Structures are given as C-alpha cells and as structure tokens.
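Undergrad: If you look up Swiss-Prot, you'll see 1-72 marked as region 'Domain I, interacts with DnaA modulators'. Per Swiss-Prot, region 'Domain II' is recorded for 72-111, and the stated evidence type is sequence analysis. According to Swiss-Prot, the feature region 'Domain III, AAA+ region' maps to 112-328, an assignment based on sequence analysis. If you look up Swiss-Prot, you'll see Gly156, Gly158, Lys159, Thr160 marked as ATP binding site. If you look up Swiss-Prot, you'll see 329-449 marked as region 'Domain IV, binds dsDNA'.
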Amino acid sequence: MENIHDLWERALKSMEKKVSKPSFETWLKQTKANSIEDSTIIITAPNEFARDWLEKHYDELISETIDDLTGVRLYPKFVIPTSQLDEPFVEQELKKPMKQPPAQNGEMPNNMLNDKYTFDTFVIGSGNRFAHAASLAVAEAPAKAYNPLFIYGGVGLGKTHLMHAIGHYVMDHNPNAKVVYLSSEKFTNEFINAIRDNKAVNFRNKYRNVDVLLIDDIQFLAGKEQTQEEFFHTFNALHEDNKQIVISSDRPPKEIPTLEDRLRSRFEWGLITDITPPDLETRIAILRKKAKAENLDIPNEVMLYIANQIDTNIRELEGALIRVVAYSSLINQDMNADLAAEALKDIIPNAKPRVLTITDIQKTVGEYFHVKLEDFKAKKRTKSVAFPRQIAMYLSRELTDASLPKIGSEFGGRDHTTVIHAHEKISKLLSTDQELQDKIQDISDKLRS
C-alpha cells in the first residue's frame with residue numbers, strides 16, 4: 001500500500017527530469033493526484049485550460065512514469081478542482097490495471113518509440129544537418145551504412161528524436177523488424193534484476209535478438225564494470241550478426257570517464273556525429289513547426305523574442321512557447337513580445353534585451369503623436385502624419401538592423417530613398433532642435449523599457 005500523495009511526488013520528481021523547466025513549471029508542478037479507481041489515476045489540474053493541455057500532451061508521459069516507478073500501468077484522468085477534491089488524500093493500494101498495453105514484436109519488449117519523434121517532425125539546421133543525414137542513411141540501410149552510429153550532444157538538442165525517428169522509419173518499411181529503444185539506465189536496471197533473479201539468459205536473449213538496438217545516454221554506463229561487460233558482449237553479438245546499433249551520449253566516446261577502452265574502440269568503429277545548439281534561424285523554424293503541429297497562431301514578434309531569449313536547446317525553446325501560449329490564454333490577452341517577456345520573466349531572469357521591431361517603433365511613435373498604426377503605411381502626407389512617420393523611419397534605421405528596403409516596405413511599400421530622406425531630415429533637425437531631441441529621447445526610452 002502506497003500513499004497516493006507520496007507516489008505523485010515521486011512521479012513529479014521523475015517527470016521534472018524528462019521535460020523542460022518551463023513545461024514542468026507551467027503544466028505539471030501545480031497538479032495533484034486525488035485517487036485511483038481501477039486502472040485510472042485521477043489528477044487535479046488547476047483550471048480547464050491546463051486540464052485540456054494535460055490530456056492532449058502529457059497522458060502518456062504520466063502513464064509511463066508511474067509504470068516505471070511501480071510496475072503498474074495506470075491511465076490518467078484529469079479533472080478540475082471541486083469542493084470534493086479539497087478533501088485529504090486517501091491511501092490506496094495500487095492494483096493491477098484492468099487493461100494492459102498490447103505487446104509488440106511478439107515476445108520482444110515494447111520498443112518504446114515516441115510517435116511524435118519522426119524524420120518528418122525533425123527540424124534540420126546547421127547544427128544537426130550531418131547527424132540527420134547519417135541517421136536517415138542508417139534507417140534506410142540498417143547495418144550497412146554506419147554501424148554503430150554514435151550521436152552526441154547536449155541535453156534537449158534532438159539526439160533522442162533522431163533515435164526514435166530511425167526506429168519508426170525501420171518499422172514503417174519493415175513491420176517485422178525487431179526494434180528496441182531504451183536508456184542505458186534501464187539496461188543497467190534490467191541487468192541487475194536479471195542477475196538477482198537468476199534470469200541472465202533471458203536478459204541476453206531479449207537484447208541480442210533484435211534487428212536494431214537504440215540505446216540512449218550511454219555515458220551512464222561509466223563506472224559500472226559489470227554492466228559494461230554485459231553491454232560489450234551484447235554489442236559484439238549484434239555487430240557480428242549484422243544488426244544495427246545506434247548509441248547516444250552527451251559527449252564523444254573519448255571523453256566518457258571510466259569507460260572501458262574496448263567499448264570506447266567499438267563505439268568508434270562506425271560513425272561519430274555531433275549535434276550543436278540550433279542557430280537563430282533554426283530556432284525560429286522549430287517554433288514555427290511546433291506552432292503548426294499544435295494548431296497555434298503565434299505572432300512573428302513572439303517567436304522572434306523567444307528565439308532570441310532561448311538559445312540553449314529545443315526542449316527549453318518549445319517549453320517557453322507553451323508557457324507563453326498558456327499565459328496568454330489564462331489572462332485572456334493577445335500574444336505579443338511584451339506579453340512573452342512577462343510570461344518568461346521567471347525562467348529567464350537575466351533576459352537579453354528584447355529585439356526591437358519596426359512595428360514596435362510604429363506603435364510607440366503612434367501613441368506618442370496620436371497617430372494610428374495604419375496611417376504610417378497610408379499615403380497621407382499631412383504634417384500630423386508625415387512628420388511622425390519620418391521620426392519612426394529614423395528610429396527604425398537607428399534602433400534595428402533592418403535594411404532600407406525592409407524599412408520602406410514596412411511603411412506602406414515606400415522606396416528606400418524615402419527612408420534615406422527621412423533619416424537625413426530628422427538627423428539634421430536634431431542638431432539644432434532641443435525639443436525634438438527630448439521627444440526622440442523620450443520615445444527611445446519607452447522603446448527600451
């Protein structure tokens with residue numbers, strides 16, 4: 001018998017390691033497990049929006065996490081708070097669920113592939129292009145292209161995505177293929193249990209009779225001599241039988257401490273490729289693909305802001321997008337760069353200065369001079385519009401990296417010579433007009449605040 005509150009605390013701690021910090025803080029941290037009914041665990045979400053998002057995106061993660069912790073497959077049902085849910089947690093004995101997930105590949109273990117991780121959903125950029133090409137080559141011709149394929153890189157950069165994509169591709173083109181994905185930690189735990197229960201032969205048969213073995217985070221084998229010994233023989237058996245091995249790590253083989261030299265040398269038999277953090281263009285592409293996949297309408301300025309602020313890895317990037325979407329929905333305000341900055345202030349306390357856009361400048365100048373945004377793009381030449389428009393063009397030239405043609409296009413498709421004229425005119429006036437200097441300074445301060 002296990003207290004459900006304690007179980008959920010353990011589950012949350014486990015899931016915190018599996019998702020980005022923004023995703024955990026936004027969606028999982030505020031949940032509570034209320035009860036267990038047959039094979040269902042009742043989980044309280046803070047509001048309807050969070051409940052709907054959890055149902056769509058986190059039910060499988062929760063089910064797998066509880067299964068890993070207890071050996072019991074429970075299926076989450078999300079509810080919102082009611083007076084009944086405020087009652088104290090009740091201790092319940094975990095019972096075996098009524099329905100079991102279907103077995104895959106006959107007697108083989110569940111391949112544990114994530115349906116969302118395919119080559120189609122992978123965003124290619126300069127930092128992962130080679131790793132993607134190598135992974136696709138391996139998927140198209142297992143054990144004939146590169147064997148083993150060793151992919152390394154930092155957390156959340158797409159190593160696991162590529163491994164799952166290889167598995168999906170192989171099974172799509174050969175449904176009878178025996179494909180297994182697992183972490184080195186799970187390999188270690190199963191090996192220890194097999195030794196304890198005198199089932200070493202079963203363990204060896206399980207992982208030496210596959211067509212493709214995808215093993216994640218191999219660096220965790222470091223220092224585990226017996227497990228390294230077992231994996232060494234598993235590797236040899238598969239390689240000699242012309243079966244594909246794909247390995248991932250957070251560092252190249254030569255930098256994994258206390259890894260046996262014989263394993264290190266075998267990891268170097270095939271191809272070693274790395275993945276580096278995505279550049280700005282790739283980060284924007286990742287956000288656009290995520291938004292499209294989730295049917296979200298995200299303004300370009302929001303995606304640009306997030307991409308400029310989050311340059312570490314894909315998990316944090318997508319987590320930040322989800323947090324902004326949630327924040328916008330919960331406070332019932334349209335998304336813009338300012339709202340994004342507010343939503344992300346807790347996770348990027350030392351945020352980089354927001355990249356100003358021409359639209360930002362037009363809005364601020366328009367508010368200052370009481371000019372409508374559309375008037376900046378119209379053909380109006382009255383002084384009440386033309387002069388603020390010239391100031392906005394001047395500031396766009398001074399405060400952004402936009403080209404002259406780009407600035408002109410943002411002001412109703414005007415020619416770049418018009419932008420040059422506006423910049424020269426305002427620059428000349430500023431040399432003698434103290435009042436204009438004060439106005440420009442005031443507007444600039446508002447833009448930078």
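Backbone N, Cα and C atoms are what each Cβ position is placed from, and that goes for glycine too.
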Undergrad: If you count other Cβ atoms within 10 Å of each one's Cβ, which of the binding-site residues Gly156, Gly158 has the most?
TA: Gly158
Undergrad: Name the residues of the same chain, 6+ apart in sequence, whose Cβ is under 8 Å from the Cβ of Lys159 (ATP binding site)?
TA: Ala131, Ile151, Tyr152, Gly153, Asp216, Ser248, Ile275
Undergrad: Given the recorded ATP site (Gly156, Gly158, Lys159, Thr160), which additional residues of the same chain have their Cβ within 8 Å of the Cβ centre, ordered by sequence?
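TA: Apart from the listed residues, the neighbours are Gly153, Val155, Leu157, His161, Leu162, Ser248, Ile275, Asn313, Ile314, Arg315.
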Undergrad: Could you tell me the mean pLDDT the prediction assigns to the region 'Domain II' (72-111)?
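TA: Here the mean pLDDT over the region 'Domain II' (72-111) amounts to 50.
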Undergrad: Neighbour count, 10 Å Cβ-Cβ cut-off, for Thr160 (ATP binding site): what number do you get?
TA: 19
Undergrad: Which three-state DSSP class does Gly158 (ATP binding site) fall into?
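TA: Note: Gly158 (ATP binding site) is coil by DSSP, not helix or strand.
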